[in-house]
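First up is the structure itself, then whatever we jot down about it.
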């Protein structure tokens, strides 16, 4: 038992005893002489120290953190919860893909003639195979794939070589498509204010047509991104943004290639191809190993680059509303609407992935110790302070109690997202 008289002291959640000798928690170990020595040092320094302690999973229950809570709190969502989220993602992505199909079929298709230069090209005879492929992709990555991977270990090492080859291929493929868009018009004579599609067999027009077709074809190759996520069991990457982006683009680009393979509407494809060069180069270097990741300091700019491309396309399409450019309104609304949708989805991702994370990191980096002048904490009577559900008995004066309450207002214990629990360690 500790010496009687002034308050006891112990580290962490151990016993704190008050003047009257009553235990704060009979289950906690008693105060040791070393604890009292530490308390005396605090007294001589004129401070009473409060400690910030991390609460598992950023939360504390009504009864305070349990001894065995960290392991339970650290567990992620169950397989059933994860699959339910993926199913919801798949449903929304499927509806978005079908909506894109109907707009292209009955709005764009009814206002423009088909381009007969590509009548015998693969997949160009009908939009239905493209729609079916996109819907099968959604089903595979949100339902079938996760179900087949249930109970299996991720194919991490087995796929490393294949993924490096895939990323290197995508860098080269995207660079070649970017070159075709540049040579086909965007860096060789296209007007940024108003550019009509050239349906002739002019060599430059044929280069643009080739770029549009291979960009459309690349959207099927991009399906492998998500398939690799499934095989690695990185389901947190299979977000609504990711699935919608990959399922809508093939359908959207089919109608672009079939009806207007050139001109004003192809800016999005040109910019997106360039972004893919940078993005897959990042993936390639990242897959080489941890020793190369020090060269990837520019990772945070990838999402910003995506946002800039979509904002540019929105402005580029929107300015036609204030001119007499004869680009069909159905195409303007379609390209501008697609850019606006992806801008919104990428903005939401950027806020969640970077801005909120930065805010939480700032909270966690707050000072862990707060000092009180000893003259303001005078033995008076016991006052029970509840910190995230855990009770500690402290002998404080009315002024000291007011200081504690003020501290809690400035650092609201019950609502700190980062899971900081303030617990008084010493009192006199």
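Backbone N, Cα and C atoms are what each Cβ position is placed from, and that goes for glycine too.
Annotations in TrEMBL come from automatic prediction, not curation.
Range annotated as transmembrane segment by TrEMBL, chosen from 161-182, 183-204, 205-226, 293-314: 161-182. TrEMBL tags one of the stretches 33-55, 56-78, 263-285 as transmembrane segment, and that stretch is 263-285. Annotated range for transmembrane segment in TrEMBL, selecting from 90-108, 109-127: 90-108. Looking at 128-149, 238-257, 263-285, the range that has the most CB pairs within less than 8 A of the transmembrane segment (334-355) turns out to be 238-257. Long-range contacts of the transmembrane segment (161-182) within its own chain (CB-CB distance under 8 A, at least 6 residues past either end) are made by residues 188, 207-208, 210-211, 214-215, 218, 221, 224, 228, 266, 269-270, 273-274, 276-277, 280-281, 283-284, 287-288.
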